[in-house]
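Listed in TrEMBL:
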type	residues	note
ACT_SITE	D396	active site
ACT_SITE	E531	active site
BINDING	T620	Ca(2+) binding site
COMPBIAS	160-169	compositional bias 'Basic and acidic residues'
DISULFID	C460-C489	disulfide bond
REGION	1-25	region 'Disordered'
REGION	94-134	region 'Disordered'
REGION	150-180	region 'Disordered'
Amino acid sequence: MQPPSRRDFVSLTVTDSGGYTNGKQRRQSCWRKWKQLSRLQRSLILFVLALLLIGGIATYPRLSAHSGDTAVEGNGSEGKQPFVVDMKNQARLALPEPPSERKISRKRGPPVLQNRVQSKGNGSEPQGAELKIVEEEDGTKKLISWRGAVIEAEQGTDPNAKEKEKAAEPEDPSAVQQAESRLEAVREAFRHAWKGYKDFAWGHDELKPVSKSHSEWFGLGLTLIDALDTMWILGLKEEFQEAREWVDKELSFNKNVDVNLFESTIRILGGLLSTYHLTGDVLFLEKAKDIGSRLMPAFSTPSKIPYSDVNIGKGTAHPPRWTSDSTVAEVTSIQLEFRELSRLTGDPKYQAAVMEVMRQVHKLEGKQDGLVPMFINTNSGQFTHLGIYTLGARADSYYEYLLKQWIQGGKKETELLEDYLQAVEGVKKNLLKKSSPLGLTFVGELSHGHFSPKMDHLVCFLPGTLALGAHHGLDAEHMELAKQLMETCYQMYAQMETGLAPEIAHFNMQTGSAQDVDVKLADRHNLLRPETVESLFYLYRFTKDKKYQNWGWEILQSFNKYTRVETGGYTSINNVRDPKNPSPRDKMESFFLGETLKYFYLLFSDDPNLVSLDKYVFNTEAHALPIWPQAE
């Protein structure tokens, strides 16, 4: 049926009388006119009224705040006063930003993730607000509320604002539980590796887990010393105590043995210094002084560029038997440790020796846009094998230590910073390319003007180093490049059948390639290296993007699946492309405990003060050394 016509209904509302109409008649007339409107018209009117009502409710708290009393006292009053800023006393301060735009308070450089604000949309606020003014080193004043929210006089551009906004939000219980389970998984992996070392290689340099035996390099308990600070950070007190007893009663450097200057510096000297700083136990400082003094003969060369090998018992040094060259990475990646030894002992000779090397390298010819060759002669002090430039083996940690020395010394040594920045630009100009099909950014090599798409796994230190520089105030573009390279290093794992990266990868650059990463047969081994996990740690620490933790978790699971030995320990493997037969190599490098597992643990931890990157700088073996006091 059709609804009845409205004509008669409307006609009833028409009156010829121009006289008085009572209120009831007016109400009836309005109602009848309302009923005349179409459904669409009525809906639009109701929608507008609803918007006006919502707007009024939303603006009421702000109007109340502006009309309220003056500011709450800074010491956190006991009374239940509303949170109001005294704008008379804080005339220069901007109003609070919306919750989504608030920034975390920081002491210097990019924000340290110390203050946590409540999650967005939480309407409940604690009573008894606290308000205080903090003046930064640059004179900028900030007003900090009980939330940890910051009202800044001038808001700078923060390249990682979105990531740090995420970091400010508290995690839900399930995320906390997941984080703890992952930390425990790392502790369990360490205990399993330690069991193999203790059962089959105690006091020796390295474990051979498959054959349940050991191998010697220097005969100085290399794995044990490398793992000391890892045990302390992981909270493995029992294992740490038994290792300390061995250092106290068994470790002696009075041996007629040749050691590599670089390796013994970063692993032994660095490990002892780090453990001393973390524990305060002077035993480790005394041992560090002993080995440090025994390594000094390496610097007795015509050029002051050190020899590669030292006999720590006889006090003599020499180059390798086949050459008088040292690698550039080795002679320029011992500075953090010897500089710190001078600071602790008050003896300047250690720092003077290593900084002479840096001064010479700084002014040498043979660089290309800040990139250095791989070899340097100990007699002439000149670069050799010119024209080959890589960020892989024999050159990698030179670039890392340029930045870290600058940070360690309080950002005062401008030559180090200049060399680092020039090198980063040299990488962009000469070594940075894109792969196919995913368009991954990778770092190749240059040989006499010819580019090679070859990238060592060692190069995966670079994302972390770039991120560290950005954290300490360098160009925000460094962080963007770090993120791109981090994706590439992850893909070096993800595109392999075992989920583990090869020692060396070649990237396809031809359009239409099926896979970005190609691996030659001789390069398919995995040595349990730490560089990718190291960079994941830095990227997560600075951005709080959970994907970096998830990538790390995938890698740890692959290590457990393909390299774990049932009777204890983990082994390097020969073939990352054959999950059915990865072919164990029967060797667990000391850096698996000293670096890889340590960086896994730090990656999965959400505590920014667990080895704070504003207080410590890691050497190239993941041993934490303090940033010098004048830098604070």
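Cβ coordinates are placed from backbone N, Cα and C, and glycine is handled just like the others.
Curation plays no part in TrEMBL annotations; they are all automatic predictions.
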Those residues of the chain, 6+ apart, with a Cβ under 8 Å from that of E531 (active site): H457, L458, V459, C460, F461, G464, C489
Count of other CB atoms lying within 10 Å of the CB belonging to C489 (disulfide bond): 28
Residues that sit under 8 angstroms from D396 (active site) by C-beta distance, when 6+ apart in the chain: A329, T390, D456, L458, V459, F461
C460 (disulfide bond), number of other Cβ atoms within 10 Å: 29
Cβ neighbour count within 10 Å of T620 (Ca(2+) binding site): 26
